[in-house]
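Enquirer: A single structure is presented below for examination.
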């Protein structure tokens, strides 16, 4: 948004694309005992597209992470400095005293993600796998009761059926698939939606400012794709809270059918934050991570990372005689390590200081 012109302002270097390993395995297993001992594993090396959004006093780091098992991860991290009030005893309901005259205000970070999924084509279905307790008896002694876990499926037929609120008493998986697309075992080739970091919006539905964030009412909403419904809010949400320009609840008010349709999934993540002394001077990202995963679910016949050369295998030179030692297989990869290139930040900023701090820009942006 540009404060001097109708056209959007332009920022340089707002995205960073890099590869690195997370320092933990994507997969591994060790069988230590002879004669069948072996080790097989692979580091979780990922490709990450990162951006950082500065909204007033807060910075939000957004990572789009691509894993070698076919998983897509969106990670959100919050940092920046807190917005505070002058401390008074009557304000203790709303925060802690964190400095001589400073109260850290309780607040709620909420994020809304749009996932326009086309799993095996545009004709998709949304289904939940509901985990349930099954009370039965042991087969070898019918007088002894026994409980185990089973699952049932629930196909969502209309938009309002697909509104999801997390319920600890009723765990479930959320899958998306093309009904005409099965693997060789007759299972639907699907992707699973997994959210880590959900929090409840405590403002009553439809009351005053809540109308501007109706998208925060549910953790998952599913709508039929429409070009005009490209965003769940607007730049004017703070100024038109009673009659918002974009009212997300209207996206599913018509309760359209969503079986075998081009579907859009709207995912809500959030965290409540009461600032504490360790948030001074700047809130750390540790503990402030929220993630949304799109995970392959019977989509591939095996883990796609099996095709990667990054895997390593350790086995016996002679399985019949383990005393002859072990061998290491690197799939043709070299043992040499890449050297991190020298940082060119100073040279880059000498050429274009506006990459970091507004310096030579003639028309500054908000």
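From the backbone N, Cα and C atoms, a Cβ is placed for every residue, glycine too.
If you look up TrEMBL, you'll see 3-306 marked as domain 'Copper amine oxidase catalytic'. Annotated 2',4',5'-topaquinone per TrEMBL: 58, in sequence order. Feature annotation from TrEMBL assigns compositional bias 'Basic and acidic residues' to 322-332, 350-366. Residues annotated as region 'Disordered' in TrEMBL: 322-366. Per TrEMBL, compositional bias 'Polar residues' is recorded for 333-343.
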Enquirer: Mean pLDDT, the domain 'Copper amine oxidase catalytic' (3-306)?
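Expert: The predicted confidence over the domain 'Copper amine oxidase catalytic' (3-306), as a mean pLDDT, is 95.
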Enquirer: According to DSSP, how is the region 'Disordered' (322-366) divided among helix, strand and coil residues?
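Expert: Reading the DSSP string over the region 'Disordered' (322-366) gives 13 helix, 5 strand, 27 coil.
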Enquirer: Tell me the Cβ neighbour count for residue 58 (2',4',5'-topaquinone), meaning other Cβ atoms within 10 Å of its Cβ, over all protein chains shown.
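Expert: Other Cβ atoms found within 10 Å: 17.
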